[in-house]
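Taken from Swiss-Prot, the feature transit peptide applies to 1-26. Marked as domain '2Fe-2S ferredoxin-type' by Swiss-Prot: 42-135. Among the features that Swiss-Prot reports, [2Fe-2S] cluster binding site is placed at Cys95, Cys100, Cys103, Cys115. Annotation source Swiss-Prot lists domain '4Fe-4S ferredoxin-type' at 178-208. Positions annotated as [4Fe-4S] cluster binding site by Swiss-Prot, on the basis of similarity to another entry: Cys188, Cys191, Cys194, Cys255. According to Swiss-Prot, the [3Fe-4S] cluster binding site annotation covers Cys198, Cys245, Cys251, on the basis of similarity to another entry. The feature ubiquinone binding site is assigned by Swiss-Prot to Trp203, with similarity to another entry given as support.
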Amino acid sequence: MAAVVFSLRRSGPVLRLSGALQVSRGAQTAAAPASQAAARIKKFAIYRWDPDKPGDKPRMQTYEVDLNTCGPMVLDALIKIKNEVDPTLTFRRSCREGICGSCAMNINGGNTLACTVRIDTNLSKVSKIYPLPHMYVVKDLVPDLSNFYAQYKSIEPYLKKKDKSQQGKEQYLQSIEDRDKLDGLYECILCACCSTSCPSYWWNADKYLGPAVLMQAYRWMIDSRDDFTEERLSKLQDPFSLYRCHTIMNCTRTCPKGLNPGKAIAEIKKMMAMYKERAVSA
């Protein structure tokens, strides 16, 4: 059967992909299979604790993974350990592409997503993996996010209209300029990396809403289609819900989506100042 030759012509000479493919296949043939290559053993020290196991105490357990037979991300290593070494290792994961936020954990000292962080290929270093800090732990790398989700629910993160006569009948129109204001806010995946990196949230998690929830509150405050901006601001007037933010900015540094919760909180504070001025003059 004759080989099919593909050609791509740009501004210069013709590039024949058949030759490139032949070179690629030759390189693959010449390379030694992963099973024959020298093992690249990487150590992972992982936080373990099972509250249902009598007498079990929090500890770090070390596992070894051959990087030649493992995907490039930390989540790949965790899945390999669970599938091939220790099925009792417990962690959350779902999308594997930085969308769902399920695999948020503390990796080598920073809060991030295991599915988007590459394994440190320095074999002399042990990669340390903990659950998100200052949270109750369900088991191993699974934090209890009940309080976090309750706080998110408290801000009513959905569109609210005072005139409900048109609800469900047609779309609420929004200008391109107003829609652009929501960029950098709606992309939040509620992974809790930012909130659990915030010292103010560590100290006052029962009262301070934290950067993730406050950024979502701001997202609805500035939505031109929402009619409850004043009411949303009113709910944040107490000393703790908003004002425990001291612009430490750990939240912005750690966000795996590159968002800026610290800036959103600062904008709420400016809106709050104007809101209080209006309340005094009224």
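Every residue gets a Cβ built from N, Cα and C, even glycine.
Non-local contacts of Cys245 ([3Fe-4S] cluster binding site) by the CB criterion (under 8 A, 6+ apart in sequence, same chain) comprise Cys198, Ser200, Tyr208, Pro211, Leu214, Gly262, Ile265, Lys269.
Secondary structure counts, DSSP: the domain '4Fe-4S ferredoxin-type' (178-208) has 12 helix, 0 strand, 19 coil. Within the same chain, residues at least 6 positions away in sequence whose Cβ sits under 8 Å from that of Cys255 ([4Fe-4S] cluster binding site) are Cys193, Cys194, Pro261.
Sorting the binding-site residues Cys95, Cys100, Cys188 by the number of other Cβ atoms within 10 Å puts Cys188 first.
You'll find the Cα of Trp203 (ubiquinone binding site) roughly 15 Å from the Cα of Cys251 ([3Fe-4S] cluster binding site). Each residue of the domain '2Fe-2S ferredoxin-type' (42-135) gets a DSSP state, and the totals for helix, strand and coil are 14 helix, 29 strand, 51 coil. One residue stands out among the binding-site residues Cys103, Cys191, Cys251 for having the most other Cβ atoms within 10 Å of its Cβ: Cys251.
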